[in-house]
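Per Swiss-Prot, these features apply:
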- S175: active site, nucleophile (ACT_SITE)
- A61, G62, L63, D64, K65, T85, N139, N172, K217, T245, G268, G297, Y318, T319: FMN binding site (BINDING)
- K65, N110, R111, M112, G113, F114, N172, N177, N246, T247: substrate binding site (BINDING)
Amino acid sequence: MYSLFRPLLFTCDTERAHDISLRTLDIAYHSGALPLLTRHTRPLPTTAFGLNFPNPVGLAAGLDKNGTHIDALFALGFGFIEIGTTTPRPQAGNPKPRLFRLTQQQAVINRMGFNNLGVDALVRNVAGARRRNGPLGINIGKNKDTPNEQASNDYRYCLERVYALADYVTINLSSPNTAGLRALQEEQTLRRLIGELRETQETLAAKHGRHVPMLIKMAPDLSDSDIDAAARVLNEMSVDGVIATNTTVTRPLLRQHPLASEAGGLSGAPLLGQSTLVLRRLRTHLPETIDLIGVGGICCGADAGAKMAAGASLVQCYTGLIFKGPQLVGECVEAIRRRLEASSSGRENTQ
């Protein structure tokens, strides 16, 4: 069905197409028509960060920034949903145009800039959602006019506001579209920031009587030495998990494309190799007690399998959905299932 809808959608401005897709999804969900338009996703129970997931394929942050489409998105078969990025105060984001579709490359360049209605609006939306289908992650960031020296205040405020409603919280330090944000990944800065957030997490756990996992979302553009340094900090601070990776400011395989010079983060198929290398390096430098989510460039089931082979416990997709539609979710689940079955069969044959 999506293959019929996509050509019409792609005649629209990219950001307008995004909005139309979400409105159409909501209409289909509330009318009861969504099951007729999507394929059933078979369960593949998975555990990570101490949470149970109906399957290991989730939606990455960015599609539903304000938590207004949670139930409809879960109905597409995702094992978990991550909403946001949300910030303490509402902000409009960067000037338009700020979202660019590269159809032949199955890629998108965005410089959205954390446009959102603010964490209080998100909390109200989450409180009104049913979300019984799987874990809900909430991705938090800082406002663009908050100096890095005060960034921990923004992250702590958001963490305190979403803690009671989230199944896990992601600390977004890696968007390339907020000036200076990625500097927070520098080793000593990262150590101080995560230390403060871990203290807040422990205080909130005592207050609410439950531990909500805290994940760190990393950039794909770090050098090997920077990745290793970040891994040391993440291990020392005993974070619950890591998401690898966000979008890239490099332009792999796109040098001749007319949109390659647009500022912003690149996602989609060209990011797959780069993000998977970062994922694999983090896996080799972090203990198995720290689960990883692999995201970046997943456009087919084989891509999801590659993330799992590189050490991911879970995967997320977003840009791939723009080009493949909701069927990508089930395709990824089945690819991971086949990989797990093959691995299990191999172990049995060697015993």
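Glycine residues also receive a Cβ, built from the backbone N, Cα and C atoms like all the rest.
Same-chain residues at least 6 positions away in sequence with a Cβ under 8 Å from that of G268 (FMN binding site) are, in sequence order, L102, Q105, Q106, A107, V108, G297, C299, T319, G320, I322, F323. When Cβ atoms from all protein chains are considered, those within 10 Å of R111 (substrate binding site) total 21, not counting its own. Residue annotation for substrate gives K65, N110, R111, M112, G113, F114, N172, N177, N246, T247. The furthest Cα pair among them is separated by 16 Å.
Taking the binding-site residues K65, K217 in turn and counting surrounding C-beta atoms within 10 angstroms, the largest count is reached at K217. The Cβ of Y318 (FMN binding site) lies under 8 Å from the Cβ of L59, A60, A61, G62, L63, S267, V295, each of which sits 6+ residues away along the same chain. Of all Cβ atoms in the shown protein chains, 27 besides its own fall within 10 Å of the Cβ of A61 (FMN binding site). Counting in whole angstrom, K65 (FMN binding site) lies 14 from R111 (substrate binding site) by their C-alpha atoms.
Mapped onto three states, the DSSP output places G113 (substrate binding site) in coil. In sequence order, Q91, G93, N94, R98, K144, N177, T178 constitute the residues six or more apart from G113 (substrate binding site) in its chain with CB-CB distances below 8 Å. In the three-state DSSP classification, N172 (substrate binding site) falls within a strand. Checking each of the binding-site residues N139, K217, N246 against the residue listed as 'active site, nucleophile' by C-alpha distance, the shortest gap belongs to N246. Separation of the C-alpha atoms of N172 (substrate binding site) and K217 (FMN binding site): 5 Å, rounded to the nearest whole number.
Around the Cβ of L63 (FMN binding site), a 10 Å sphere holds 20 further Cβ atoms from the protein chains shown. The Cβ of N139 (FMN binding site) has 27 other Cβ atoms within 10 Å, all protein chains considered. Here N246 (substrate binding site) is positioned 12 angstrom away from N139 (FMN binding site), judged by their C-alpha atoms.
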